[in-house]
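Single-structure report; data block below.
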Amino acid sequence: MTPNTRSLTSLPGVILVIFVAISFATNSTLAKIAFDHGATPLSLLTWRTALAAISVFVILKVWRLSMVLPVRVRWAAIGMGGLVALYSYWLMSSLLYLPVALAVLTFYLYPILTSLGSWAIGQERLTYRIVVCLITAFIGLGLALDIGGNINSFGITLAIGAAVVFTVLLLINNNLVDGQDSRPISLHMMSSAALLFFLMDVNAEGMALPVSFEGIAAFIGSCVFFSFSMIGMFVGLAKIGAIRTSLLMNFEPVSSIALGALLLDQVLEPLQLVGAGVVIAAILLAEMVKNSSEANENV
């Protein structure tokens, strides 16, 4: 198969993953609208995570993939549902205090934090290029967040906390998967998180829903777009692999900036847009450096 043929064959997968990235951004934007009309992060996450778990279950059934896991892996995956619940709740809660684009942009530090964490636990080397990307990303984030301005510090803390917890989740998951199919593991994690959200929601707020048609439409839309994103992610990974998928997912923060301006009138200042561009470029470069190093090691 020639390079041109391979490119044409993978084009549908590339397009799908770009749509997945946009869909994730749409989910966050609609979540903010739902919150403005009476929903809470907990109520949205309860329904969203449950629908996503059901969607993954259906995909595994349709593809006739085994959902059985070794006992140790199964219980570890169920326990990791707690981390899924924590990072999801913090990220959704940050939307109450920050513009959607800035919350998503802050959360998207996780690829670089994952490289730093992998180095800390001895999983991979930390190159000077990754360090430069890390420093550059934080400088860009400082510009984007307009540190010293009117940005809510609690919202920033929630978004950074979500990125850190998600980094821990990825590091544990990398060790847990270890050559196994990650999809059954994801099903157990999502199901466990959905159960946690349900118990917390019933105890705390009793499933608070939006009080307007616009809010209900946004609530349902957020759940649907998130579920599509989860399914599309699995299909995209199978079609084009993890490397290109991770690179293309950088369309999410870009889409969040555009959707925030279009649907929420959350327009960033020119300096903030420059900072956002610096962060996205640093993350993209870090992933390219990391993937290039892995490719050279496999030659």
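The backbone N, Cα and C atoms fix where each Cβ goes, glycine too.
Record features, source TrEMBL:
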- 12-143: domain 'EamA' (DOMAIN)
- 154-285: domain 'EamA' (DOMAIN)
- 7-25: transmembrane segment (TRANSMEM)
- 45-63: transmembrane segment (TRANSMEM)
- 75-92: transmembrane segment (TRANSMEM)
- 98-119: transmembrane segment (TRANSMEM)
- 126-145: transmembrane segment (TRANSMEM)
- 151-173: transmembrane segment (TRANSMEM)
- 185-204: transmembrane segment (TRANSMEM)
- 216-235: transmembrane segment (TRANSMEM)
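At the 8 Å Cβ threshold, with sequence separation of at least 6, the transmembrane segment (216-235) comes into contact with the transmembrane segment (45-63) through 3 or more pairs. Within its own chain, the transmembrane segment (185-204) has Cβ neighbours under 8 Å at 42-43, 45-46, 49-50, 52-53, 56-57, 60, 67, 69, 73-74, 77-82, 84-85, 88-89, 173, 176-177, 230, 234, counting only residues six or more beyond its boundaries. Each residue in the domain 'EamA' (154-285) gets a DSSP state, and the totals come to 112 helix, 0 strand, 20 coil. Beyond the ends of the transmembrane segment (126-145), by six or more residues, the same chain brings 102, 105-106, 109, 112, 115-116, 119, 151, 156, 268, 271-279, 281-283, 285-286, 289-290, 293 to within a C-beta distance below 8 angstroms of the stretch. Tertiary neighbourhood of the transmembrane segment (7-25): same-chain residues 1, 100, 104, 225-226, 228-229, 232-233, 235-236, 239-240, 244-245, 248-253, 255-256, 259, selected by CB-CB distance under 8 Å and a gap of 6+ residues from either end. Same-chain neighbours of the transmembrane segment (75-92): 31, 41-42, 44-45, 49, 69, 103, 107, 158-159, 161-163, 165-166, 168-169, 172-173, 176, 184-185, 188-193, 195-197, counting only residues six or more beyond its ends whose CB sits under 8 Å from a CB of the stretch.
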